[in-house]
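Reading through the structure tokens given below for one structure.
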Amino acid sequence: MGILFDTTPAYLTSAQMHELVEWVRTESNHHPLLVIGVFVIVFLAIHPFTDGNGRLSRILTNLVLLRAGYSYISYVSHEKLIEDNKPEYYLALRTSQKTLKTKQASVVVWLEFFLTILVEQAKLAIKLIEIEDPVLHLSLLQAKAWEYMQEKKEVSPRELAGKLKIPRPTINQIANRLLQMKLITRVGMGRSVRYRASEELGEAPTA
């Protein structure tokens, strides 16, 4: 599927690319994700190379996101998500690009698509991280409780509440979270209930 609008003339490409890169580097009035989204659509509008601009734009997207601190993008392929949503990608891109050289220029449709892809990328990255190391997603209190249970192997809610100096209802919430993540198991019922650290560091969540 080709480009359906007039790209930047070759003699203006270098100057416009320099201007775009400088804008991305210095822009501080808008959220970084909005800046990156605008960078992508303008880069594709400039179309600096005869071929491969789309693929290069996604490589540059990864680079700029990493430089902006969005390290999660290393876990999930941005390219793959774009490929999986190609019709929506082209529709959003063309809808916004058609307005770029008009008085009613708007990149809202493109930004909505771009940010939706990034949200999906973040969700998939979280799932992968949880599978690889679920402890990374524990709160400070949950992590302390987990560490104590590992040390003692098996504890009562009362003992855990005393150790962490927090009320029993909070202990119940912590225990439920650790049970959900399969980091601990419940032994017994009612007042005699105890919690035991799992022998393996959690199990992969089911789909």
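Cβ coordinates come from backbone N, Cα and C, glycine included.
Per TrEMBL, the features are as follows:
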DOMAIN    1-113  domain 'Fido'
TRANSMEM  33-50  transmembrane segment
ACT_SITE  His47  active site
BINDING   Asp51, Gly52, Asn53, Gly54, Arg55, Leu56, Ser57, Arg58, Tyr89, Tyr90  ATP binding site
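Shown on the structure are the features that TrEMBL records.
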residue: His47; record: active site; DSSP (3 states): coil
residue: Asn53; record: ATP binding site; DSSP (3 states): helix
residue: Tyr89; record: ATP binding site; DSSP (3 states): helix
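Across the residues annotated as binding ATP (Asp51, Gly52, Asn53, Gly54, Arg55, Leu56, Ser57, Arg58, Tyr89, Tyr90), the widest Cα-Cα separation comes to 18 Å. It is Arg55, among the recorded positions His47, Arg55, whose Cβ has the fewest other Cβ atoms within 10 Å in the structure shown. If you take the C-beta of Tyr89 (ATP binding site) and look for same-chain residues 6 or more apart in sequence within under 8 angstroms, you find Ile82, Phe113. Here the Cα atom of Arg55 (ATP binding site) is found 12 Å from that of His47 (active site). Sequence-distant neighbours of Ser57 (ATP binding site) (same chain, 6+ apart, CB under 8 A from its CB) are Val40, Phe43, Leu44. If you count neighbouring Cβ atoms within 10 Å for each of the binding-site residues Asp51, Asn53, the highest count belongs to Asn53. A gap of 6 Å separates the Cα atoms of His47 (active site) and Asn53 (ATP binding site).
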